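Comments concern the structure below.
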Amino acid sequence: MPSVSESDELIFFVNGKKVIEKNPDPEKNLLFYTRKVLNLTGTKYSCGTGGCGACTVMVSRYNPKTRKIHHYPATACLVPICWLHGAAITTVEGVGSIKKRVHPVQERLAKCHGTQCGFCSPGMVMSIYTLLRNHPEPTPDQITEALGGNLCRCTGYRPIVESGKTFSQKSTVCQMKGSGKCCMDPDEKCLESREKKMCTKLYNEDEFQPFDPSQEPIFPPELIRMAEDPNKRRLTFQGKRTTWIIPVTLNDLLELKASYPEAPLVMGNTTVGPGIKFNDEFYPVFISPLGVPELNLMDTTNNGVTIGAGYSLAQLKDTLDFLVSEQPKEKTKTFHALQKHLRTLAGPQIRNMATLGGHTASRPNFSDLNPILAAGNATINVVSREGKDRQLPLNGPFLEKLPEADLKPEEVILSIFIPYTAQWQFVSGLRLAQRQENAFAIVNAGMSVEFEEGTNTIKDLKMFFGSVAPTVVSASQTCKQLIGRQWDDQMLSDACQLVLQEIRIPPDAEGGMVEYRRTLIISLLFKFYLKVQRWLNEMDPQKFPDIPGKFVSALDDFPIETPQGIQMFQCVDPKQPQKDPVGHPIMHQSGIKHATGEAIFIDDMPPIDQELCLAVVTSTRAHAKITSLDVSEALACPGVVDVITAEDVPGENDHNGEILYAQSEVICVGQIICTVAADTYIHAKEAAKRVKIAYDDIEPTIITIEEALEHNSFLSPEKKIEQGNVDYAFKHVDQIVEGEIHVEGQEHFYMETQTILAIPQTEDKEMVLHLGTQFPTHVQEFVSAALNVPRSRIACHMKRAGGAFGGKVTKPALLGAVCAVAANKTGRPIRFILERSDDMLITAGRHPLLGKYKIGFMNNGEIRAADVEYYTNGGCTPDESELVIEFVVLKSENTYHIPNFRCRGRACKTNLPSNTAFRGFGFPQATVVVEAYIAAVASKCNLLPEEVREINMYKKTSKTAYKQTFNPEPLRRCWKECLEKSSFFARKKAAEEFNGNNYWKKRGLAVVPMKFSVAVPIAFYNQAAALVHIFLDGSVLLTHGGCELGQGLHTKMIQVASRELNVPKSYVHFSETSTTTVPNSAFTAGSMGADINGKAVQNACQILMDRLRPIIRKNPKGKWEEWIKMAFEESISLSATGYFKGYQTNMDWKKEEGDPYPYYVYGAACSEVEVDCLTGAHKLLRTDIFVDAAFSINPALDIGQVEGAFIQGMGFYTTEELKYSPKGVLYSRGPEDYKIPTITEIPEEFYVTLVHSRNPIAIYSSKGLGEAGMFLGSSVLFAIYDAVTTARKERGLSDIFPLNSPATPEVIRMACTDQFTEMIPRDDPSTFTPWSIHVS
């Protein structure tokens, strides 16, 4: 190889500061570097795969050709540090900070209430900030698109979008979609009338600081000089195991590729990076040709466009946008098809990192672009050192990786040529994914047809399908047989049969959904057929008939709209003192810190001297005996200090049925067997891979509820309530309907995974733990038991958690004990951060449920008798399963009075990781079954489900089935307001009209009511304590036993203290929750955090005010600070402990009666959806929510909880699907496999109203709203059910069918039975083992 001038110096800038690294390690990424080297912890680790956006940063590069600076978002977890040469990186700290200046983006995100737990907030800030650097006055659509790669589990996205829209040229935060009028304008019909004393503004735009784009930091001039330097040198960075080479010229690149033919070319690292992380791929050499000019050229000719392989997908989209606007429509059909897919392919961060060449070369089977490029006759321009430039057709053989059509190892893709389309050629791209954006396709297709000029005779036809085989496949034989045919219905019928014969998906194919994917192949083909038929009609209306009018809506995918809406809540009494903050929509106490990245989470804490990191080794078998455990290789690995097993537990390894370390037997895949402690997490993880475990399987292995029933395997005794004479009533009803509903589980997907820092103390066997938990006392209990020391020696500190939703009630106790045992054995601090995949595997989630019902009713819809059975899949240990099944049974009537009612429930023991608490605690599962049988009764009676709900709803003060008295008046009010103000009946009529005019798309509406019980039926869990200190300067330090999970609990407690002490809220500070300040605290769950802790804070403050009252009487006109000084001088204690005994709840299961709950939260939600019957996709058009909030202490926080819970519930009922193998292995272990809602799934119109009432039992007559909105998400499920029912009726099918949860596209499509579902081949279940199974 000729001598080349080289350098080993990496130069880049971070937040305006120059960074120089000599020989950086190519295996280190930017996220690690910013957090661990530069101590910039605002950028968060959440998934590690580029799928959540929490680690978003802004990358800025200078292009010497255009002489422009390009700003774009990137996920730091996928960016190798060596990739940064010549780049300027901006992290959230570089945008603004409390110490210096808070940027308007950060301020508005916080003040618009766009943060809750705050873990996703820095990523949200960076996405909006990057957009503003490119578009200082963005459109609402640009804001929505910019946030498409960021996940939030708390807020429901609406306030985040709203904060971004404040930067739009004409703010649209309170405008109807398209009308330009305020939602509250009397002429607008989104809400039919204005409420007296109702407010709609959660923040004051006048408080925002102005945004001046001219004041942003400049791009470092040194980087411009570097980019324009004509004498650039090759860069070579030699790491411990790998070498990273950055060539300067094309010849240099080709020389390197010839010398290292197996070295991957890394441009965006979106393919190579995940392969290294998850598939243990290793490459000794990486070549990164980012700066090679020839890879970044674009050239247009009369025949088409040539686009450089180095173009990012975002640049590709911009180029296509320009070409489509400049060229005649007939020439750009391929470009248009690519444009459409580029809008939803991944998220903006990945689109700005991934390149056209990398995407084309890697040829993933799920590729959205390659099928279209192939259909559009694209060719690949390939070069090599030998000078043998060649054009490789981007066709079936290339995509199927046939050797004769593949790239040679030494070749480099230079560019892609995309020809213009011919006049009589039509190209289309089609896809269907679990959600609209940032999700791999379940099936996609690129199709092209060319006709003999002026005819509908097929001259050429191409069809390529993705996600149906290990590679993208071509239906080439089908296409050959159709050449010369007319484009008509008979051709379509033959094409469907042929393509199903040619493309065979095995019944046990990876990814499952086999029958659905087979259906999608021909459903997408039919869509293409319709598109072409419509296009032919446009070409010559006289010669070619148009498609039927009822088919037109099938042509287009659902558009992505910017959400609009309004929030209504009761205004504060104008007589209330100005400094009293109770009732005001106050920003989250940590909102600004969330947005600036200065809110400290556990892994943001600085490293401690001699700190070790912990990695877990988990079982790969569901039920087996451990025959051997060999840790010798792990112990010999670099940096490893020790391996910890069950033998190292000084105390209890099995505490209350929960096992820290498996010892002789494993009872689920994912059970912890041992942990490895090392100096770095990478060393610990590498060593963990070298632990050798041998097993002998034990029978039976029980995975599903049905298998548990078969083996009589249960975790708890049966729970039962019954009223009336059920058996007698069944004999005296007009009709009986029976059925069963399967409700699958749900992953918490809190943005911050389980995180613990355990620090052994030098004296008295003390241990200090910092962790994110909902239940510090429980952690203390488990650690105490494991270490065999008194609880008083264990101190648990909890500042905040990055989301929890029930997943941090019990699990941190087990994991905390595992961590503490490791710290105890090594005598060194241990940092234990679960990776997302391990977190999802180990901690499990919501209980899957099987519900069976038998309902007796009269022909008018009145239900006289119900016999319901519930079974939950509890997993392998008790955890919270018994309590969950109790809640399921107690809450199983929802809002309905059924005089003869029997409900039974049991928690099943299976060989899955133990399921645990989750927001709603069984209510979201149980009530789906209730509403399902309501819908079944409605169908039998030929009534609307809403009519049956109204008929059977509680109407006056009554007793529940468990004999608790309650007044349903607030329920009736929410129900009535929801029906009226959502214009349900008018919109239902409009939907019917739409459905009559559209065969392949249907709209559905549903209104569901809710009676949600707050707190738990165990009295001692409802107690709380608080500690309040007043300092001599008048400032107040507040602490209590509640945990901040994002719900704003501390903010509300500050409001309470401010009112009770009659001081401004700025005087009150909350530091942390700790077992050393408030011991023996109950868990923060059950929607009761503000209730019980608020009472305790109130009590403490009242005690202090009683002490201060004599002082105040002496000096009534004095200031607070003067009173405090006087009190101190008179030796009056300025500290007080407050206590709340708790709600006195009880439940006697032997008598089947009690008063298990202090009060109920009532509500109703109306949702409207549109369903694509050909694909199973759906779009949520509008949601109206009415929740009985009584008197809201903080409407902004309460509305945030309602909206966030609703979107989380909507995800539970639609997109979120956990997939298990028949052997109990969880497949869904990250955002690429598990799809929580993104910004594109939220309602296009979203209206939330907090209905005022009274609740004298709670503090300030408030109610706990943390969980109530979760079940209301089922209004989307039942709206889908309504739409599918309409489709089935039109097709002559039964309108009673099991629409199980979640209603994924697969479930929806296969329920819409038609000629295409009937056409697909079926397999005998006894002849194969499916790839995945349902566990409910």
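Every residue gets a Cβ built from N, Cα and C, even glycine.
Keep in mind it's a predicted model, so treat the numbers as computed, not measured.
The candidate list ILE218, ILE224, ILE413 contains one residue that Swiss-Prot assigns to the FAD site with LEU265, VAL266, MET267, GLY268, ASN269, THR270, THR271, VAL272, ALA346, THR355, HIS359, ASP368, namely ILE413. Of the listed candidates (GLN215, GLN735, GLN1201), Swiss-Prot assigns GLN1201 to the same Mo-molybdopterin site as GLN116, CYS154, ALA804, PHE805, LEU1045, GLY1086, SER1087, MET1088, GLY1089, LEU1265. Just one of CYS77, CYS82 is listed by Swiss-Prot for the same [2Fe-2S] cluster 1 site as CYS47, CYS52, CYS55, and that one is CYS77. A straight line from the CA of CYS117 ([2Fe-2S] cluster 2 binding site) to the CA of LEU1045 (Mo-molybdopterin binding site) spans 6 Å. Around the Cβ of ILE413 (FAD binding site), the number of neighbouring Cβ atoms within 10 Å comes to 22. Sequence-distant neighbours of GLU1267 (active site, proton acceptor) (same chain, 6+ residues apart, CB-CB distance under 8 A): ARG919, GLY920, PHE921, PHE923, PHE1012, GLY1086, SER1087, ALA1205. Under the three-state DSSP scheme, GLY1089 (Mo-molybdopterin binding site) falls in the helix class. According to its DSSP assignment, ILE413 (FAD binding site) is in a strand. Under DSSP, HIS359 (FAD binding site) is assigned to a helix (H, G or I) in the three-state scheme. Neighbour list (ASN269 (FAD binding site), Cβ cut-off 8 Å, at least 6 residues apart, same chain): LEU78, VAL79, PRO80, TRP83, MET353. Listed in sequence order, the residues of the same chain lying 6 or more apart from LEU1045 (Mo-molybdopterin binding site) and placing their CB within less than 8 Å of its CB are CYS117, GLN774, ARG800, ALA801, GLY803, ALA804, PHE805, LYS808, THR1084. All chains included, 27 other C-beta atoms sit within 10 angstroms of the C-beta of LEU1265 (Mo-molybdopterin binding site). For GLN116 (Mo-molybdopterin binding site), other Cβ atoms within 10 Å of its Cβ number 30. For MET267 (FAD binding site), the same-chain residues that are 6 or more apart in sequence and have a Cβ closer than 8 Å to its Cβ are SER288, PRO289, LEU290, ALA309, GLY310, ALA354, THR355, GLY357, GLY358. Of all Cα pairs drawn from LEU265, VAL266, MET267, GLY268, ASN269, THR270, THR271, VAL272, ALA346, THR355, HIS359, ASP368, ILE413, which the record names as binding FAD, the longest spans 23 Å. In three-state terms derived from DSSP, CYS77 ([2Fe-2S] cluster 1 binding site) belongs to a helical segment.
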